[in-house]
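**Q** This is the feature table in TrEMBL:
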{"type": "ACT_SITE", "residues": "ASP91", "note": "active site, nucleophile"}
{"type": "BINDING", "residues": "TYR146", "note": "substrate binding site"}
{"type": "DOMAIN", "residues": "184-286", "note": "domain 'Pseudouridine synthase I TruA alpha/beta'"}
{"type": "REGION", "residues": "1-26", "note": "region 'Disordered'"}
{"type": "REGION", "residues": "350-375", "note": "region 'Disordered'"}
Amino acid sequence: EENGHQNKRLKSDADEEDAEDQNKKSPKRKIVLLMAYSGKGYHGMQRNVGSSQFKTIEDDLVSALVRSGCIPENHGEDMKKMSFQRCARTDKGVSAAGQIVSLKVRLIDDILEKINNHLPSHIRILGLKRVTGGFNSKNKCDARTYSYMLPTFAFAHKDHDVQEELYRLDRETLERVNKLLACYKGTHNFHNFTSQKGPRDPSAKRYIMEMYCGEPFVRENVEFAVIKVKGQSFMMHQIRKMIGLVIAIVKGYAAESIMERSWGEEKVDVPKAPGLGLVLEKVHFEKYNRRFGNDGLHEPLEWAEEEEKIAVFKEQYIYPTIINTEREEKSMANWLNTLPIHDFNSSAAEMQDNNKNSKKSSDLEGSDGCGDDSD
């Protein structure tokens, strides 16, 4: 018996030594991974430890990291051990073409190929770069760019009877959409564009660098357009509500003045567009790149070489999912039917103020319709 125990102990000691040798050969290094994924069927990016019925992108990613041998199993259970940080917490159903996560891994041979072998095809790691030891993808990110792909019939006026497949966006409506989207540029109080933030919460103030709708295009007989928005950071549901409010105005459910009102202290009913069309396009690390990108030790966090892979992934997995789901589940069409139940009217006191200010407001609309707060 004694010999038996001793043999077992020697064997386990040998296993531990092998593991230690392996670790010495591939010490842990801080890296970033460039990720693309189709978010349909997932409850967002961020892992909810202990809540296995709501599958997230990180559940699949962590499993692949463990199975490929990049991280030990206990790091998968406690993500702090590998200093894991995602750049953006995408919501349920939202996709990404350029998500960045930072973490410490063992730099094993053929690391990207090995991780991807353990991931489903609709989640891909497209690139890897070494970063400074204290790098945190969330804190070091200066800005994030999202896109939102939607069928253009969303902008058809409510009083016009339109056939979804036949609708084509005219130049005048596109210009109006872009005029309204440009109003978001600058710093505003977006407390009405998220939940759980009051009007005096300083973190409700957000800075938007650009927002516009591109030229429409036809896919599977339906015309679509893509809205791009770049901002320092966004709160939960903020982009979907920003787009939802513009749709409500263009369709004729809400007056243009509601935009200015929504940045004030009053509670405003802002509708939330479906999550389906939202894609995290790119995250920006301009300050980090200026400081470390050309220091001779680290690469700048730019992904020009991966752009073709990103474009292919979008064409293969993201756009078809949005188009097919829209056709099958009619998420935008069904959501548009809920717009009449929203209350876009102001309080009685405000109605009087609006009457007094009607001349002022018509002057503003004659210029850019954004009020004086666009920067």
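Keep in mind that glycine also has a Cβ here, set from the backbone N, Cα and C atoms.
Caution: TrEMBL annotation is automatic and unverified by curators.
As the structure is a computational prediction, the values presented were derived from the model and not from experiment.
For the listed features, I'd like the structural context: burial, neighbours, distances.
**A** Around the Cβ of ASP91 (active site, nucleophile), 18 further Cβ atoms fall within 10 Å across all displayed protein chains.
Long-range Cβ neighbours of TYR146 (substrate binding site) (same chain, at least 6 residues apart, Cβ-Cβ under 8 Å): LYS228, VAL229, PHE234, ILE239, LEU278, VAL279, LEU280, GLU281.
Broken down with DSSP, the domain 'Pseudouridine synthase I TruA alpha/beta' (184-286) shows 26 helix, 33 strand, 44 coil.
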